[in-house]
Amino acid sequence: MDRLIFHIDVNSAFLSWESVRRIDQGLPDLRDIPACIGGDPKKRTGIVVAKSIPAKKYGIQTGEPMAMALRKCPELVIVQSDFDLYVKCSRAFKEICASYTPIMESFSIDEVFLDMTGMSLLYPDPIAAAHEIKDRIHRELGFTVNVGVSTNKLLAKMASDFEKPDKVHTLFPDEIETKMWPLPIRNLLFLGKASEKKLNEIGIHTIGDLARAKETDIQALLGSKNGHQLHQYALGNDDSSVKEQADEAKGFSAETTFNEDIISLEQVFPILLEQCDIVATRMRRQQKKCLSVAVTFRTLDFKKKSHQATFQNATDVTDEIYKQAKKLFREFWKGEPLRLIGVALTNLSDDEYEQLSLFENTENKERHRKLDAALDTIRQKYGNDKITRASIMNSNSGIARKARAQMQNELETKRGRQAKKGTDDNGNI
DNA sequence: TTACATTTGTGAT
DNA sequence: CTAACGATCACAAATGTAA
């Protein structure tokens, strides 16, 4: 039996969400003027993350450097992104979507798939149902969405990408030839720049060209797995299910680009500590431990390098992760100027049971574990993030003072005697 | 040879 | 004239290494 799948995509999500807030504050609607969400408007760095339709008319594209966008349109309004706002908007959006079917998949912060198969008693006309969802989101939340309607996820997603904004489109199997095959291959999901170039070289330019090509030829070019999948996609085939349960995280990473090039280890270590702290905290919140730690750096020519090492036993202790990251950095960085550094934790496992190692300093480990726990408690109390080891140590803001006092408290009550430890050479307590 | 780890490349939002 | 430039996640393939 045929399925019925919707894909719902918020139009220019970050920009729309900023607009809704600004309207509440009596500010002009960013959607009506050339505007974009992107890097720091004062520094004039960063890239375009979302753009208004007027901005698009100037040829501004998502992902392009802000400097280029400003050249195309000097009066472009640039707004910094505010992820906390987006998370709230996303929740409200998904809550409405979820009220139409129990089977919803969150595909990203601003996209969902709905499996509407078997909802025909409640919603006998799929197109009418799609309009109802779209209009209700607009009415209640103030921003527009596109809805794609078809019999599988791929076709629904392709359909929602047709004309924007505020539209419902169908792409049923009998419409593939007219609506999808004339499109350039780049429009196909998971077909990016590199595969486009290779396919163009053998004369494949449209999705129809790809559909009619021999699968073995495509596999020879793009690899057996990807080649097979992209060929199937071009034919409109996709039997993957709408997954209600988000997959568990398989890794955590943090990376930062700097205005100033990094040229000394003294610059590297505080950043690395901050990043290790952030990713380890996120990992503990998901009750995971990692077996592998990787450091990443990007040189001035934009080439990325990464190096990883694996522990004997999985850990979630910030200090152990930081020590490993420092070691990797010292070992592999030859001193070339860097514009980005990052840390990634992979090879995750559940944290529930403890792997004991004979040679570990268990008392020391217990100290670090308690410190992590104390910090995590504080972060919880003050609304998560922002509070890191470095910030608590260095800042003199009211919140940092409170956090420091709190931390002392937590530590003392937990171990029943006072800690008179100062700050060691790593910036740890 | 196989198994596993590591590194690089591609693609998504 | 060109190149310019974010963060985070997943996965496949290529490459390296040990049993």
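Placed from the backbone N, Cα and C atoms, the Cβ positions cover glycine too.
Those TrEMBL annotations? Automatic predictions, nothing curated.
Annotated active site per TrEMBL: A:Glu111, in sequence order. DSSP assigns A:Glu111 (active site) to a strand. Sequence-distant contacts of A:Glu111 (active site), defined by Cβ-Cβ distance under 8 angstroms and a gap of at least six in the same chain, are A:His7, A:Ile8, A:Asp9, A:Val10, A:Lys157.
Using a 10 Å Cβ-Cβ cutoff, A:Asp9 (Mg(2+) binding site) registers 21 neighbours. In the three-state DSSP classification, A:Asp9 (Mg(2+) binding site) falls within a strand. The Mg(2+) binding site annotation in TrEMBL covers A:Asp9, A:Asp110.
Annotated domain 'UmuC' per TrEMBL: A:5-192, in sequence order. Over the domain 'UmuC' (A:5-192), the average per-residue pLDDT in this prediction is 93.
Among the features that TrEMBL reports, region 'Disordered' is placed at A:396-429.
Under 8 Å, Cβ to Cβ, and six or more positions away along its own chain, A:Asp110 (Mg(2+) binding site) finds A:Asp9, A:Val10, A:Ala13, A:Ser90, A:Phe93.
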